[in-house]
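The active site, proton donor/acceptor annotation in TrEMBL covers B:Tyr443. TrEMBL lists B:125-131, B:207-210, B:258-264 with the feature FAD binding site. What TrEMBL records for B:93-274 is domain 'FAD-binding PCMH-type'. Marked as site 'Important for enzyme activity' by TrEMBL: B:Arg309.
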2 protein chains.
Amino acid sequence: MSWNAWGDPAHATSLPESVRALVADVLGAPPCPSPSVAREELELPPSALPAAARTALEAAVGAAHVVTDDAERVLHTGGKSTPDLLRRRAGDVAAAPDAVVLPADHAEVGAALRACADHGVAVVPFGGGTSVVGGVEPLRGRFGALVALDLRRLDRLVAVDEVARTATLQAGLRTPEAEELLAAHGLTLGHQPQSYEYATIGGYAATRSSGQSSAGYGRFDAMVLGLRAATPRGTLDLGRSPGTAAGPDLRQLLLGSEGTLGVITEVTLRVRPLPEARLDEAWAFPDFATGTAALRALAQGGTRPTLVRLSDETETFVNAALSGREAVPGCLAVVAHEGTAEQAAAVRELTAATLRAAGGTELGGEPVAHWRHSRYSGPYLRDALLDAGILAETLETATTWSALPGLRQAVTDALTGALTTAGGPPVVTCHISHVYPEGASLYFTVVAASGADPAARWHSAKRAAGDAIAACGATISHHHAVGTDHLPWMEAEVGALGLEVLRAVKDVLDPAGVLNPGKLVPELP
Amino acid sequence: MSWNAWGDPAHATSLPESVRALVADVLGAPPCPSPSVAREELELPPSALPAAARTALEAAVGAAHVVTDDAERVLHTGGKSTPDLLRRRAGDVAAAPDAVVLPADHAEVGAALRACADHGVAVVPFGGGTSVVGGVEPLRGRFGALVALDLRRLDRLVAVDEVARTATLQAGLRTPEAEELLAAHGLTLGHQPQSYEYATIGGYAATRSSGQSSAGYGRFDAMVLGLRAATPRGTLDLGRSPGTAAGPDLRQLLLGSEGTLGVITEVTLRVRPLPEARLDEAWAFPDFATGTAALRALAQGGTRPTLVRLSDETETFVNAALSGREAVPGCLAVVAHEGTAEQAAAVRELTAATLRAAGGTELGGEPVAHWRHSRYSGPYLRDALLDAGILAETLETATTWSALPGLRQAVTDALTGALTTAGGPPVVTCHISHVYPEGASLYFTVVAASGADPAARWHSAKRAAGDAIAACGATISHHHAVGTDHLPWMEAEVGALGLEVLRAVKDVLDPAGVLNPGKLVPELP
């Protein structure tokens with residue numbers, strides 16, 4: 001992972017000429033270079049880990065696995081939101097963790113957490129480090145030292161049950177590795193978020209991730225049959241059955257807990273056979289409203305495709321322009337069906353009938369192939385845009401089908417209002433990325449001139465968009481989680497009494513308060 | 001509701017001759033009369049509600065809605081488990097609540113709970129009173145008085161969103177009334193547990209109910225998009241979106257909370273259009289293992305029927321004998337598809353292909369019609385059996401497909417071991433009632449001679465079965481909940497630390513501890 005950008009530095013891209021031209025044209029502002037400081041210019045503060053804490057951590061995970069060198073520390077200095085990247089690109093690594101701790105297994109995670117609790121050391125659980133909401137920001141809270149607890153050594157496939165079609169995976173596995181281990185059994189997880197290449201199994205669970213094929217495979221939280229978490233107070237093993245009425249579902253407290261209640265060390269997940277067939281098909285709709293109604297008909301019907309996404313008119317145009325193709329008029333949807341050949345074909349027929357009746361036109365598989373080719377590359381483009389003085393960021397939300405049009409308008413207006421300058425308005429695109437019988441998510445991409453203070457510009461835009469989301473009664477995050485960035489809206493989400501419940505649960509599991517301070521639950525005033 | 005039996009006294013049945021003969025034949029013991037005491041023989045203790053508490057409750061809900069007459073009190077003296085009925089049939093109504101409180105709406109529920117908390121009065125939230133696990137047993141805990149909080153006046157359809165296909169229903173609605181209100185909008189809930197006629201919307205949510213058509217409509221907890229609960233500390237409004245990553249899902253703490261954390265006053269539920277078509281079909285399998293594998297293939301396939309159940313050989317035989325028909329050899333499965341005519345037909349084709357390939361034989365719709373005709377009548381038969389000195393009770397659990405055969409054997413052995421007498425073994429039947437991709441529920445019915453102390457006999461059998469379930473790693477309840485009867489296995493379910501979490505949540509929401517004492521979470525030793 002790059003320290004100041006998305007992903008593998010070898011895959012970094014310079015700004016394609018098509019994008020440069022488009023940006024100059026649409027934003028009315030030519031890109032102007034805005035490079036990052038170089039790695040060698042960084043000055044990390046010396047590690048502040050007290051000797052006694054270090055000794056205790058070394059006893060927990062072994063001396064070789066308490067790492068204080070700058071190379072590791074800088075790679076754990078926050079996540080991958082645009083504000084994160086802007087901060088590091090400007091050379092600000094003052095918050096770097098004092099050590100990176102690398103436990104080998106569940107027991108060592110527990111021991112490391114107890115050591116941190118005993119010695120008053122804040123601990124940020126760290127998977128792929130792909131958070132775009134400040135979830136892995138190294139905030140010390142009231143503590144004098146902070147470690148990142150990197151789970152990358154927890155990388156085993158623990159068990160496979162081919163009859164029940166479940167697999168138990170350790171938290172530190174990245175998706176491609178997990179899929180490779182499962183493929184040896186003819187199985188797949190089918191979880192494909194944009195962070196696919198870097199994010200980890202544990203991170204997906206801790207943040208309630210959702211993948212691009214969620215229509216068929218489900219949200220990540222819905223795939224979790226069981227989970228194991230280490231806390232400073234001991235172990236939680238939750239989830240005994242595919243369905244149960246034995247009280248409240250405590251798994252659902254750990255799912256989405258973002259490392260504040262415990263560290264998820266392994267999860268038992270629903271897996272599926274590697275699909276025999278995959279049938280890709282793009283559809284055009286005359287406008288977003290017609291396309292939205294078509295997706296709703298699919299989501300509310302008795303059968304459903306594996307993947308379905310709908311870009312609005314602007315995104316349809318921009319995506320085509322980026323790849324040098326001609327845009328279809330209106331809106332493009334990508335649709336796929338996976339499964340046995342017979343099942344995929346039968347459900348595809350039902351889907352096609354629904355979409356045709358709803359005003360869609362079949363376009364064949366080629367636009368889906370294009371989409372598949374570039375579906376993980378958006379974040380690399382963001383880095384190239386930042387280099388060129390262009391701010392590019394995303395945000396997402398979800399609501400019911402009935403509230404969706406109003407939500408889209410309100411968020412678009414909020415972003416446009418906050419980011420319009422003398423040079424003109426920003427580009428705001430939107431797509432429906434995940435569908436449910438009752439509603440869907442909306443995923444917004446914003447491109448604007450960086451201006452003199454891009455972080456402040458984005459902060460005000462994000463604030464306006466978040467307030468618009470809350471005012472619409474929608475959720476502040478469909479699949480990016482809370483981290484630090486969404487704290488202002490958590491009371492709207494669960495109420496003051498709900499926050500009290502979350503604090504009480506934390507007091508039981510993490511009485512010292514060392515677990516990921518400053519995330520998920522706003523601190524008491 | 002009858003005070004000492006299931007359901008409407010007008011629907012009570014005497015023991016059919018076919019059952020009488022079957023019981024005599026199979027159990028080797030002729031029925032011998034064991035009648036209940038008569039209603040007029042009951043002596044309820046006088047109401048112990050202190051005057052100050054009464055005044056506060058009257059201020060909360062109106063004087064007319066704090067009822068202390070014996071007729072109401074006796075109807076709230078526990079639920080409908082066999083031990084409950086045995087106790088009341090023996091004339092034991094010593095635990096009768098001191099009053100029945102009937103709030104009109106959410107605000108009055110909250111006010112009543114605050115009054116109870118202020119005056120140290122235990123409160124048992126009461127919906128249909130159909131609990132079969134002691135969930136509405138009037139246990140005073142450390143309090144001197146107890147009221148039943150009957151929600152029957154909360155009987156409104158609050159809102160319908162026909163675009164998102166959601167409906168907001170008040171907690172006290174019984175299913176037939178709820179379905180009637182929804183049918184006026186062309187909608188249905190599709191939730192059909194055996195308690196359909198009496199259980200309430202709030203009770204379903206508070207106990208994580210599951211209906212017979214769960215394969216198509218889902219478990220009740222999975223239908224809940226939002227819920228509102230009153231607690232002594234204020235209101236919880238939870239669930240802002242069909243999908244969210246905004247932290248832990250606190251709805252999942254209230255779902256299954258059985259009135260110990262708050263009182264669910266309304267829920268926003270997924271609803272569906274009334275089905276255009278319903279295609280019923282029964283299937284025969286040579287044995288339970290073959291049938292189980294067939295159901296697993298369906299549950300793990302890309303499409304699924306609306307309803308699917310599989311009886312084992314004994315249940316197949318007994319059900320046929322009870323209705324005077326000839327049993328199919330092997331095991332009978334009932335299957336149904338609902339939806340638009342086109343969807344139902346298409347999915348039925350896929351189902352039929354799967355079941356045929358798995359060794360099933362089509363039997364047409366007639367056995368399903370039989371099953372539908374009698375599907376809510378089992379509890380009435382239990383009463384007739386009790387009258388005749390025959391113990392009949394059910395229990396249920398769930399596990400993964402791989403653990404299912406071992407679980408079935410272990411529970412059958414436990415029940416048989418505990419209930420075999422000189423007269424012979426009990427009859428133990430089993431069916432798969434709910435399926436998931438990863439596993440299924442098992443529903444056991446036990447029929448045995450009552451003996452001199454039927455309550456003690458059942459208690460030892462239940463204990464043996466529960467221990468067998470826990471030893472198999474299965475859940476202690478798939479859809480009946482915890483109540484008092486499953487307390488001994490809650491630590492196996494969520495661990496000691498999980499119990500601490502539940503207690504901490506209760507301390508926030510119900511600091512006085514008045515809400516449904518003695519249920520869900522074992523008391524500290």
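Note: Cβ is positioned from N, Cα and C throughout, glycine not excepted.
Locations of recorded TrEMBL features on the structure.
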residue  : record                               : DSSP class
B:Pro125 : FAD binding site                     : strand
B:Ser131 : FAD binding site                     : coil
B:Ser209 : FAD binding site                     : coil
B:Gly259 : FAD binding site                     : coil
B:Arg309 : site 'Important for enzyme activity' : strand
B:Tyr443 : active site, proton donor/acceptor   : strand
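Looking at the domain 'FAD-binding PCMH-type' (B:93-274) alone, the prediction's average pLDDT is 98. Proximity to chain A, taken as a Cβ less than 8 Å from one of its Cβ atoms, holds for B:Ser209 among the recorded positions B:Gly128, B:Ser209, B:Arg309.
Long-range C-beta contacts of B:Gly259 (FAD binding site), restricted to its own chain and to partners at least six residues apart, with a cutoff below 8 Å, comprise B:Val124, B:Pro125, B:Gly135, B:Ala206, B:Leu515, B:Asn516, B:Lys519.
Around B:Arg309 (site 'Important for enzyme activity'), taking its Cβ as the centre, 25 other Cβ atoms fall within 10 Å, counting all chains. Here the residue listed as 'active site, proton donor/acceptor' is compared against the binding-site residues B:Gly128, B:Ser131, B:Ser209, B:Gly262, and the shortest C-alpha distance is to B:Ser209. The 10 Å shell around the Cβ of B:Gly128 (FAD binding site) contains 25 further Cβ atoms across the protein chains shown. Between the alpha carbons (Cα) of B:Arg309 (site 'Important for enzyme activity') and B:Ser209 (FAD binding site) lies a span of roughly 17 Å. Each of the binding-site residues B:Pro125, B:Gly262 was scored by the other Cβ atoms within 10 Å of its Cβ; the lowest score goes to B:Pro125.
Around B:Ser209 (FAD binding site), the same-chain residues at least 6 positions away in sequence with a Cβ under 8 Å from its Cβ are B:His191, B:Pro193, B:Ser195, B:Ala199, B:Gly203, B:Arg219, B:Phe220, B:His479. Cβ neighbour counts within 10 Å, taken over all protein chains shown, single out B:Ser131 as the most crowded of the recorded positions B:Ser131, B:Tyr443.
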